Each structure stands twice: as structure tokens, then as C-alpha cells.
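Among the features that TrEMBL reports, transmembrane segment is placed at B:28-51, B:57-75, B:87-104, B:116-135, B:144-164, B:184-207, B:219-236, B:265-283, B:343-364, B:385-409, B:415-437.
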């Protein structure tokens, strides 16, 4: 019997050893796989266990955290949610994160390794650092001016500081309150469904995620290419352009909205926004040079991050001459984000140089120690400095006695360009009204702000749509706000 | 029969003054340690959750300490030769169980389970003291063989008359209390098996027809065995309680093997058990579902229905890692229903880590080992079989439920001895420890007596 008792005892020992081995398998070997399972809520619980770090505009937080005492404890709140939604995005317990909330998530949620006091410290102590702070480059006055300028109209505004690339305003209307999506309850689900079903797509960040045909504002690029290439020598020399202009290789006749475009000089054509002149100029300059200049301004680049991605602005290069003519006046396949057009204005304002735009000035720990600061950004030459000087002259002319007089600011030097872009099947859509501009104090050395405004449905009456009429006053308000500060 | 007996019989009689050490002091020291560890755990939960020592810490420590001390005094008085380990192990596991249940109570303050568990623990210790005081010699139990089996069968069948709770008919509700009679039946059946097998060993081992490979005992001896098999399958089918069925069958096969030494019994037992299990697994949707869940714990996740209990349990164990999150800092409450009972081990695994979980399993292992040690030291077949049976009961139950919640075997609803919420279980386990203390006392006393002689 003793022998059999020993056998039975061995059997029991085997059972317990099997338990130990299996426990080691589950808790050590397979642990990572189980921990990363999307159904495992522990990550989410830990993530919302502490208040999320804040996003700051002009030194004041525009976000906050609310203690719900629920399982997922802290929920994101937003001050002026709709105003800053195109900057912050949302941070939802149910639907993830977008925009800055997404790109800076590691820092805001406290998981960024750089926040740890020692390497691997958090892994060892199973602790999580307090969320860091993100200081944005946004100028609150400019942001508000842009938002209130657009009011209930659909559209977007982007403003940058030409000398640095700091983004001063980023507005998209209609907007939404990201705070509605923060939680995980019924309200969040209903808000999500409602926002997604909205035909106006309020969650679309029109300033960076949507491209529009830039229309006449693209003539700045065409003029820069022509001047750089020497196609045009003197701004006041007649350009030998017919009106109307028959697109090469077709019988389509291109006309103008304004008179006096036949054989106009570049200055006159720019001020009055003559399609015929610039279409012909683009064709004369040639697709290679047009393309090079457009790409130097930032077109056809899909990798721009501010730090969230910006939609690719396009200048089609596989075109025939007729298509090139249309491309050169910002139609056909030429498309640009409002931010891209702000960069175009900034290039002119900044002496021909484009600085990569950015939105995050500095990130810090919760206590205030700097984690990272925006260093100097890559600079690209979009055009010759002399060309930039001449374009500034042209753009000033638009504001002083052309289509953009509504953007003039007393005591400041302002340059601009209007645009009215046709779109839709057979150009049936309500045209987009554009205005791009820059401004500087008279006593200053260089412009302080470059801005692009697009208004999608400027007015019910189609005739009244024009960049100068509806978009220019908004641009003016934004520039004034920046110049005042 | 046993080597120990022979050695003692042939050894020179030592000086009459030499006695085996009683080791009651060791037991007391270990009990103090167990109580201190439990109080520490209780305080750790409070500190982690609220930053303060919970207000009831002193009372909890005092309560557990007094209970353990009374049990110790009973042992000191009536079982002075007993093995010093089973009682401290029981105190530590019970105390730890109370800590874990208290910790889970904090997640849902509306439905506290720890106070009731403390009451049941008190009852359990009272039963322990009662058994130690009243039962002076385990052989007395042999007189009640058939009373035991009748009582066990009644206890097993009673819940069939009560409504099913969560798919299993294993509870009866009396005056607001839920009792699982099957828990008590375990001990009674172990007593019955031990007594029956001790009485019929010879017949089972040597009587009957002998074939070339198969050795069949006579029908008279085989009858009760088949009856037991039928009962366990009946339990499985009628009460949908796979765990208890598995436990009974395993217990019976182990004891049969120890009693007869015939591997044929094990083969036959395993064959019958797997036949029964396959048949029931096919026919019974409840059991079938458990097996499917075991094979594919994340099927419900992939189907978009969210993680099931087993998946949540695995998540909890995985989160624990080697060192655990610390008491009060895990999220095993996500398991939901039965987190304090069947899945209590997941909380231990998450908050104490593989280190703590291994310690707990080793504690059970030590308890089982002490039971087997007593079985080896005893000389009467009934005592040996009872010690082995009770120890195996603990080992099998730990395996069935711990293996279930860690995904080693299909999950069956069963209480982790001492740790899990459940009054019947705690009381039963204290009875088992009491019997083991009594058996070890007898084993060492006879050794002592032999030495004196």
C-alpha cells in the first residue's frame, strides 16, 4: 500500500506542477499577447486613470479633464471646443484620438518614455507619469477672428508667421464640440452618429485635410514661375495676350470676368485677375518650370506633418497645353489646402523662402520642464528673392487698387490675391471664394502674418461670390488681430 | 505492511524518556505569522485604495487571531502530537481569502461578501475545534460507513429539487442562505470510500474471474463501484456540475488504486470517465459550451461579443506578470460574475503575480503533502485511505478550479479551497483540515507509543 500511496502522491504533485507551469505560461510567456488584446480593457483603464495633459493656446489651456468616478475615470473637456477643434481634434474613450490629441497622445497620456525619471522606471514600478503639456503656436485672437469671420458660412482659414512657419490660426467651419465625444456613454455614441451623418462634415478639418481648386490665387505661383524663368521681364510691359484666349489645341475660348485684359501688362493682369493672361503665361513658361516652382511652394508633397498630416496639394504634371493653361489659373487638377495657400502667401512675404509650418511650439512635463521645443525648420527657396520683391509689389497693388481692397488695413502694408474657383460638374457648384494675403506694420522689416481664407458657400446669389467680397474681410480681421498683438 | 512499522518493530527500544517532538510551539509561531501576513494584506489593500489603513484592520486581525488561537489551543489540548503545518496553512489561506474578498468588495460597495465569509470562517473553525475535541480516534468513523454514503447521496440529490442558478443545480436556498450541499458530500464520500475500500480490499484485489489481461472482480464487489460511477455521471447530467463529477470520480479512482494497487482500475476508471465526459459533452449544451470556451477562449472576442469570463480571467493573470500589480491595484473585477468565488484565483494572480500565485499553489501542495505524510505514517488501512483521500480531494479540487481559470482544462464551477467566497466550501475545508490534524496526531502518537514501548 505504501508504494501506491507514493504513486498517488506523485500524481497529485504532478497536477500541482502542471498548474505552476501553466501559470508561468499564462503570466509570463503569453502575457504580452493577452495584454495587447483589444478586448483587454486594462490599458484603457490605466490610460483614463489620471487627468490627461493639456493643450495650451497663448499660454492658457483650452482643454481640461473631468473626473467621472466611472471605470474609465477621467474624460476630456474642452473650453471653446468648436473654435479649437481643428487644432486639438478629439480624445474619446470610445472613438480614439485625432489631430494634436492623436499625434501628441503619448505625451498627453503620460506614456511617452521621455517623461520617465529613469529608463524602464515605469515598467518596473507599474506607474504612469502625469500627462505633459503641449503649447501650440496658435494666436488666440487670430483664431477667434477667423472663426467669427466665417461665422455660419462653410470654409476654412489658415494663417502662418512667414519668418518662422508658426501656424497662427487654423479654423474650419462648420465645426463641432469635441467634448461631446469624450465619454463612452450614449451621448458620445449619439454625437458620433450625428456628426458622421451630417452632410456638412463638421469633423473634417477643412484647413488641412481638404483640398480646393485654388482658382486665381494660384496666379501667384504662375507669376513666380514666369518671373523666375524670365518669361516676363518687366511688370509693366504688355504681355501680348489675346482676349478671349483660345486654349491651345482646342476651340475652347477662355474669357475674363473683368475688362481690359487684352494685351495687359503682368501688373494689370494680376490686379484685375485676368485668366487669359495667366493661362497663356503658364503655357509659355512650360510644364517643367511650372511644376518645379509649384513643388518648391509645397505642391505635390504628401509628407507634410504639422505634426498631424496635411492633405497633398496637387499640381498635375501630365497635362497637355490646354490643361496646363487651365492648371495655371488654379483650375483643372490643381488643388490646394488652405494651409498650402497660406504657405504661398508666406513665401512671397518671406522673401521667396518657405518655412515648413508647425503647430507645436513646445512640449513640457506636467511640472513645466521642457521635453521638446520647436527647433529651426527646414527652409526651401520657392522663388528668387527678386521675384518675391516684385510679387509683393503686385500683391500690394491688388489690395490698394484691385480686387482685394476690402483687405486694406490703415497703418499697415497688406498684399493679397483674390480667387473665385469654379468647381463641380460643368462648373455648376457654388464657386469657392478665396483670398490669400500677408500684412506688416509700416515700420516693420518683414510681414508678420500670411493668411489664406476659403469660403465654400459665400452667398446664395452666385454673382456675389468673389474672393474680394467675402473672403478678404475675414483675412483682414485675422491679420489685424495678429498685427495688434 | 508498511516499512515504517517494520523498522519501528525491529529497532532497539530507545530510552523511555525520548519522545517525538510535539512541535506545538512551531505551530503557534506559524499561526502568528499567518495572521500577521493576512493583516498586512488587509492593510495593503486599504493603503492602495484609499491611502489609509482600513478602520477594521485591528478588529480583523484580532478576530482571525482569536479564531486561530482557539483552534491551536484545541489542538494543543486534544491532539498534541499533530502535524504543526495543516492548521497554519488553513489560517493563512483563509485569511488571504478574506483579504481578497474584502478587496473585491471595495469595487462594488453595495454587495459586501467579506463579513458573511468571516461568519462562515468562524463556523468552519468552530467545526474544526469540534472535530478535534470530539473525534478522539478516526477509526470511530468506520462505524458510520453507510450513514455517510446515504447522507452524501441525499445531499447530492437535494439541489435537483431547487431551481438552477446560473445553469447549475448545485445550490439550495434556506432562509436567505445559499448552501452547496455537494461540498459537504465530498468529505462524507471520502469517509465512505475509505471505509468501504478498507473493508473490501482483499475482495477487490484478488477475488473474481481472472482473464488473460483483464481481472474482473465479482459482481457483489463491483456493484457499489458502478453505483458510484452512475452517481457521479448523474450529478453531471442532472446538476450540470462537471467539476464535482470530475472530483468524485478522480477521488474514487485514486483511492481505489491506493487500496488495491491495480492499474487496471485506473485504466477502467479513465475509460469510463472519458466515455461519460464525451457523452455528456456531446449531449449537454451547458457542458459543451464550457469545452468550446476552453478550446477557444477568445472566440467571443473575435465574434465581436466582447471577452468572456475565461478571457477576462486570462487577461487578469497576464496583467499580474511575475510580481503582480500589488493588492488593491488590479482590475480583476472585469471578470464580473463569480469573481469572488470561482475566479478568486485570478485576483490573486493579477495582484500578487506569478510569485504570489506559486506561493498559494505551493501552500496547497504542502497541505496535500502533509496529508500524504500522515497516510504513510498511519498503520490502519482506513486511516491511510482517509488521509490519502482527503489530501487528494484538496489536490484535485485545486487542480480542477485553478486549471479551469488559467485555461489548462475546461472551466467548471468550483470553489478554490479556503480562498473562494462560499460558506459551505470554507466549512468543509476546515473539516478536512481537522480530519488531517486528527489523522496526523494518531500517526505520530502511534509512532510515539511505539517509541515509548
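Quick reminder: no glycine exception, Cβ is built from N, Cα and C everywhere.
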- Note on the structure: Answer key: the stretch among B:87-104, B:144-164, B:385-409 with most Cβ pairs under 8 A to the transmembrane segment (B:343-364) is B:87-104
- Message: Counting a contact as 3 or more Cβ pairs under 8 Å, with residues at least 6 apart in sequence, do the transmembrane segment (B:385-409) and the transmembrane segment (B:265-283) touch?
- Response: no
- Task: Taking the transmembrane segment (B:87-104) as the first stretch and the transmembrane segment (B:184-207) as the second, find out whether 3 or more Cβ pairs fall under 8 Å, excluding pairs closer than 6 in sequence.
- Result: no
- Please give the sequence-distant neighbours of the transmembrane segment (B:184-207): residues at least 6 beyond its ends with Cβ less than 8 Å from one of its Cβ atoms. 141-142, 144-146, 148-149, 151-153, 155-156, 217-218, 220-221, 224, 244, 247-248, 251-252, 255-256, 259-262, 380-382, 385-386, 389-390, 393, 397, 424, 427-428, 431-432, 435
- Test the contact criterion for the transmembrane segment (B:415-437) and the transmembrane segment (B:144-164): 3 or more CB pairs under 8 Å, pairs 6 or more apart in sequence, then answer yes or no. no
